[in-house]
Structures are given as structure tokens and as C-alpha cells.
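If you look up Swiss-Prot, you'll see Lys38, Glu77, Ser140 marked as L-thyroxine binding site, on the strength of similarity to another entry. Here Swiss-Prot flags Cys33 as sulfocysteine, drawing on similarity to another entry. Here Swiss-Prot flags 1-20 as signal peptide, drawing on similarity to another entry.
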Amino acid sequence: MGSSSLLLVCLAGMVYLTEAAPLVSHGSIDSKCPLMVKVLDAVRGRPATSIAVKVSKMSEEGDWKEFANGKTNEFGEIHELTTDEQFVQGLYKVEFDTSSYWKALGVSPFHEYADVVFSANDSGHRHYTIAALLSPFSYSTTAVVSDPKE
């Protein structure tokens, strides 16, 4: 009987300890914002805050026209950079000011900035999430693109 009680107490404790923490909502794939960025600091293992980000679109003349900018928040994210009306089919560039970020931490980085150039498709509302993983001498990017939403 004593071992059965101990087993039940242990199981109850495990259930309590494995309960997931509540999700803090700071954006989702269902957001009306068609473009979101997320930046992580691979050295410190946390979101990269206060990184300046510029978004540009290739013009018909072949040059980049900046149309949005911002700084990453406490989660390393920027939401609502643009609207569906502005974010039409075309070639886009997201520029991360990585040099200023590392220099503010007392690190001399190799890269001045990191660019992600991609094509956006207007076949319905899509949500683009551009993620960057940074270190002073390298960076990696990835994208998540939702299916078109009508």
C-alpha cells in the first residue's frame, strides 16, 4: 500500500511538472500581417533584440526601394512591417543590421549586415516569416511561407 501511494504521488508530481507553460501570444501564422521577421542570437541563446531591419522592393527600374523598417522587440520579432495592399508580387530584400547589434555587445563582427532576398507571390494571402540565426562570424536564414488564404 505504501509503495502504491508513493507511486501515485510521483505520477502526480510528474504530471504537474510536465504541464506546459501558457503561450504568450506575440504573433501567429494567421495574423493579417503578410511579413514577419524573427532574429535569434546563437551565441547567447536568446532573441536578438533591437536589431534594425529594413524591407525593400525591387523597382521596375531595377533598384531597391525601401518601404518598411523597424527594430526587433523583446522576442526578437517584428510584426506588421507591411500590409496586404503593399506586399504585392515582386522581389524583396530584408536587411538585418547585424554589425550594430554585435558592436553594442562589445564584439567586432565579420558581417556588416545580413540580407535575405526572396520572391513574393500574389496567388492569395500568404504569410511570410523570415528567421535569422546570428553569430558574429556567420548567419543562417530560413523562411516559413503559409499556403494562400482567401
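Heads up, the Cβ atoms here are built off N, Cα and C, so glycines get one too.
On the structure: features taken from Swiss-Prot.
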residue	record	CB count, 10 Å
Cys33	sulfocysteine	18
Lys38	L-thyroxine binding site	20
Glu77	L-thyroxine binding site	20
Ser140	L-thyroxine binding site	12
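The two recorded residues Glu77 (L-thyroxine binding site) and the residue listed as 'sulfocysteine' have their Cα atoms spaced 13 Å from each other. Of all Cα pairs drawn from Lys38, Glu77, Ser140, which the record names as binding L-thyroxine, the longest spans 16 Å.
Cys33 (sulfocysteine) is 23 Å away from Ser140 (L-thyroxine binding site) when you measure Cα to Cα.
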